[in-house]
Amino acid sequence: MRIGHGFDVHKFGGEGPLVIGGVRIPYEKGLLAHSDGDVALHAATDALLGAAALGDIGKLFPDTDPAFKGADSRVLLREAWKRIRAKGYRLGNLDITIIAQAPKMAPHIPQMRVFLAEDLQCHMDDVNVKATTTEQLGFTGRGEGIACEAVALLIKE
């Protein structure tokens, strides 16, 4: 068994839609990023890559490469997962914590879990997503951006 941890943060201000966990969330602000800025999938991808000792999302999909400008993070997650599977790992579980004062994530979490299970070819019981605030403390509490942490357990087949 191998454990990986992922973390990502993006600042509000992007032109694009707000996408978290692969879900378009109605909100007046997007996130600034080279790709679609999906903090949940970026943290999840980093956790999975870390557990497999495959580096991180920036190594595989550098923000200096124009090919990844505006990239769909679900596509990046699936590509990372393909590489992890090629090393002989399967998912034990993935746990994601989204940290945001707004917008509220709870209505969107079920669909996030569906997308994660599809992309990782696993059961919904193997993926968990939850959200919290920082009680108006720090940059997320001031509504300046969104952060996310993820932990993944991989099992060698």
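The backbone N, Cα and C atoms fix where each Cβ goes, glycine too.
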Query = Of H42, H108, which one shares the divalent metal cation site with D8, H10 in Swiss-Prot?
reply = H42
Distance, H34 (site 'Transition state stabilizer') to T132 (4-CDP-2-C-methyl-D-erythritol 2-phosphate binding site) (CA atoms, angstrom) = 25
Note = Going by C-beta under 8 A and a gap of 6 or more residues, the same-chain neighbours of T133 (site 'Transition state stabilizer') are I99, A100, Q101, T140, G141
Key: Euclidean distance between Cα atoms of D8 (divalent metal cation binding site) and F139 (4-CDP-2-C-methyl-D-erythritol 2-phosphate binding site), Å   = 13
